[in-house]
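Encoded as structure tokens, the structure appears first; notes follow it.
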């Protein structure tokens, strides 16, 4: 099911920056935000509690990757924060993914990271020694996530159609690396515009710097939201 709001990546490290950014939006504007490693490691669980207290949805993107027992226990702790979505690395294997699902329970959305959108095929082959194509690797990880009863996968928009063809109905695709037309792609290798992601079937999109570093973040958010809605 398509999420109507683009998820805003809160690429900050301090509470003050985060609060100042969120304060730009009207109180009635309920956002869906992503808390990544930088902000969570700097501010801890309290930043999640604060954002939830404002009525926003939280995607906690920590990409857990450890032995199954450790991941199960960590997810059980994160569940207590009332998060709406979490991530694990698909490379941890099906047993680890199943453990993550057990720890988090059935309420929050749980998605698997396949290949990072900063990873090129040459990098994958050289650094990870995976000698298939990048798409084949993404599909392999996505099928493992579905087998473990996860809700979806993180992938580039170019991979969405292929993933949906090999996974059960309802398996969702979250697409980072979204950039409005004409913007700087930064360190992302595989990017699309909100309109392209919508047309190709992405269920969630994540947008960071084009909103958080815009001269008018609220206007930038509303423009991207409108493009995503079609």
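Numbers here mean position along the shown chain, with the first residue as 1.
Any Cβ shown, glycine's included, is placed from N, Cα and C.
Swiss-Prot has this to say about the protein:
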type: BINDING; residues: 11, 34, 61-70, 117, 179, 188, 208-209; note: substrate binding site
type: ACT_SITE; residues: 63; note: active site, proton donor
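Positions of the features from Swiss-Prot, shown on the structure.
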residue: 11; record: substrate binding site; DSSP (3 states): coil
residue: 62; record: substrate binding site; DSSP (3 states): strand
residue: 68; record: substrate binding site; DSSP (3 states): helix
residue: 117; record: substrate binding site; DSSP (3 states): coil
residue: 208; record: substrate binding site; DSSP (3 states): coil
Checklist entry - What is the interatomic distance between the Cα atoms of residue 117 (substrate binding site) and the residue listed as 'active site, proton donor', given in whole Å? => result 14
Checklist entry - Sequence gap of 6 or more, C-beta under 8 Å: which same-chain residues meet both conditions with respect to residue 208 (substrate binding site)? => result 8, 9, 11, 34
Checklist entry - What are the non-local neighbours of residue 68 (substrate binding site), defined as same-chain residues 6+ apart in sequence with CB under 8 A from its CB? => result 95, 96, 98, 99
